[in-house]
């Protein structure tokens with residue numbers, strides 16, 4: 001690890017070229033955040049309404065139209081035969097002459113102007129919405145795991161470019177889907193390719209930065225992703241059709257490929273090239289970094305050798321590329337445990353949000369207010385991490401976020417029926433904020449403790465665990481929300497367990513990225529609270545007079 005670090009310092013360190021490339025990597029996050037957030041808008045359920053169904057009325061009343069049909073269809077309740085409310089959800093015993101209107105959701109056009117068929121996603125077909133959500137999240141999970149391992153074998157740039165090509169094609173295909181099963185498969189594949197692009201971009205950015213700037217550039221990328229989330233409703237209001245919105249997302253992915261497909265804007269990670277022994281490819285990139293930073297490849301100082309000398313030494317040590325299987329993680333002593341703990345905390349942070357959203361729903365029943373609230377909470381969580389994770393350390397902040405998440409969940413679980421509305425709202429918002437912080441910090445923490453040779457696979461497993469947790473909400477909806485209370489109990493208990501596991505993690509703040517499996521195993525757990533420096537022990541007995549007679553105070 002020391003030799004690779006010397007090579008990067010000889011190439012100018014975190015100089016002008018690397019700063020510009022790391023900053024330019026923020027721009028694709030806007031598009032990726034917009035496309036990722038489109039899932040919530042595409043699957044938004046319309047408000048329930050009822051309409052008369054003439055086929056359920058007696059034959060003599062089927063010819064009625066307008067107010068007369070509505071008056072005949074509305075059930076009469078009680079001894080006074082008062083008409084029931086026509087809007088809203090009616091109880092099954094009074095639903096005989098009425099059916100819920102298939103009001104258009106995000107996948108159906110009210111005017112029928114959309115190209116191709118539309119699908120009814122309410123009433124008896126409401127199961128299609130959570131099924132699509134589960135399919136899309138499953139695609140993200142598989143993409144993180146499979147393409148994360150691909151990043152370690154083929155490189156960050158190769159996976160990023162290939163994922164953007166597939167994302168553009170699949171996004172355009174979704175806009176032309178002719179059946180719901182086709183759309184389901186396309187959404188699964190689309191989620192996987194988006195995960196690959198996001199993961200490769202995250203790894204390349206992190207490996208460009210030096211330890212003091214890793215947190216700032218990672219959180220900055222998250223804030224740009226929030227910008228894409230905030231832009232999505234405006235674009236949806238502009239195009240007024242979900243197919244056009246999907247086509248617009250594919251167009252923006254194509255523009256990303258047009259610009260970031262060039263090596264000048266997205267070069268291969270020199271950190272990965274050096275760790276896998278591809279010194280010849282790393283030499284070209286590092287020389288370009290050195291020239292852009294004003295450092296000559298042959299320049300050297302008294303403390304360090306020149307870039308050319310360091311690269312020559314690396315070439316002699318590793319003449320052939322060396323790739324590592326993700327299964328090598330099982331042969332480590334400490335790294336597998338760190339990955340397991342961070343994956344567990346990511347699972348809890350992603351899965352527990354459903355309970356907070358459920359508690360938040362009665363307080364803010366509209367769609368746009370919770371949407372913008374969650375986007376604002378994600379931005380607030382990133383700013384909180386930016387301010388605290390460097391000065392306090394990764395592990396204490398993750399411990400605090402996990403503790404707040406578990407405490408808010410337990411309070412809502414125990415007293416939601418007895419607490420006032422403003423308290424439930426406050427706990428829900430606090431829990432969402434803390435869970436967002438836990439998810440973001442778990443990803444950064446995992447990227448810092450996994451070695452470069454398997455960092456893609458390790459981070460992919462941690463991110464995939466978070467998407468697996470998020471799939472718990474749609475799965476419960478698919479079963480009619482019958483197990484929501486049990487799900488809330490399970491995730492609240494897991495949050496308490498994660499609180500204990502976080503104590504076993506090492507501290508990665510201000511440390512260089514480990515390159516090999518041996519480097520990652522050297523990251524050991526440090527004390528959580530730093531005490532005062534230990535003082536010199538004073539002698540139990542005062543020195544004798546003969547001691548003072550033979551020594552002056554200065555000599556003592």
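Using the three backbone atoms N, Cα and C, a Cβ is placed for every residue, glycine included.
Per Swiss-Prot, the features are as follows:
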- 524-556: region 'Disordered' (REGION)
- 1-23: topological domain 'Cytoplasmic' (TOPO_DOM)
- 45-128: topological domain 'Extracellular' (TOPO_DOM)
- 150-157: topological domain 'Cytoplasmic' (TOPO_DOM)
- 179-182: topological domain 'Extracellular' (TOPO_DOM)
- 204-218: topological domain 'Cytoplasmic' (TOPO_DOM)
- 240-246: topological domain 'Extracellular' (TOPO_DOM)
- 268-339: topological domain 'Cytoplasmic' (TOPO_DOM)
- 358-366: topological domain 'Extracellular' (TOPO_DOM)
- 388-395: topological domain 'Cytoplasmic' (TOPO_DOM)
- 417-420: topological domain 'Extracellular' (TOPO_DOM)
- 442-448: topological domain 'Cytoplasmic' (TOPO_DOM)
- 470-483: topological domain 'Extracellular' (TOPO_DOM)
- 505-556: topological domain 'Cytoplasmic' (TOPO_DOM)
- 24-44: transmembrane segment (TRANSMEM)
- 129-149: transmembrane segment (TRANSMEM)
- 158-178: transmembrane segment (TRANSMEM)
- 183-203: transmembrane segment (TRANSMEM)
- 219-239: transmembrane segment (TRANSMEM)
- 247-267: transmembrane segment (TRANSMEM)
- 340-357: transmembrane segment (TRANSMEM)
- 367-387: transmembrane segment (TRANSMEM)
- 396-416: transmembrane segment (TRANSMEM)
- 421-441: transmembrane segment (TRANSMEM)
- 449-469: transmembrane segment (TRANSMEM)
- 484-504: transmembrane segment (TRANSMEM)
Leading contact stretch, 24-44, 158-178, 340-357, 396-416 vs the transmembrane segment (367-387) - CB distance under 8 Å: 24-44
Stretch contact, the transmembrane segment (219-239) with the transmembrane segment (129-149), Cβ-Cβ under 8 Å, 3+ pairs: no
Region pair the transmembrane segment (247-267) / the transmembrane segment (24-44), three or more CB pairs under 8 Å: yes
Candidates 129-149, 183-203, 396-416, 484-504; stretch with most C-beta pairs under 8 Å toward the transmembrane segment (24-44): 183-203
Per-state residue totals over the topological domain 'Cytoplasmic' (150-157) - DSSP helix, strand, coil: 7 helix, 0 strand, 1 coil
Contact between the transmembrane segment (449-469) and the transmembrane segment (129-149) (3 or more Cβ pairs under 8 Å, separation 6+): yes
Secondary structure composition of the topological domain 'Extracellular' (240-246) [DSSP: H/G/I, E/B, coil]: 5 helix, 0 strand, 2 coil
Same-chain residues at least 6 beyond the ends of the transmembrane segment (484-504) whose Cβ lies under 8 Å from its Cβ atoms: 337, 341, 344-345, 347-348, 351-352, 354-355, 358, 395, 398-399, 402-403, 405-406, 409-410, 412-413, 469, 472, 476, 525, 528
Tally of DSSP helical, extended and coil residues in the topological domain 'Cytoplasmic' (204-218): 13 helix, 0 strand, 2 coil
Remote residues contacting the topological domain 'Cytoplasmic' (150-157) - C-beta distance under 8 A, at least 6 residues beyond either end: 196, 199-201, 203-204, 207, 263, 266-269, 272-273, 323-324, 326, 453-457, 460
Segment-level pLDDT (mean, integer) for the topological domain 'Cytoplasmic' (204-218): 92
Contact set, same chain, for the transmembrane segment (129-149): CB under 8 Å, 6 or more residues outside the stretch: 39, 43, 45, 105, 121, 159, 163, 183-185, 187-196, 199-200, 326, 456-461, 463-464, 467-468, 470-471, 473-475, 477-478
Positions on the same chain near the topological domain 'Extracellular' (417-420), where near means CB under 8 A and six or more residues out: 411, 427
Residue counts (helix, strand, coil, in that order) that DSSP gives for the topological domain 'Extracellular' (470-483): 8 helix, 0 strand, 6 coil
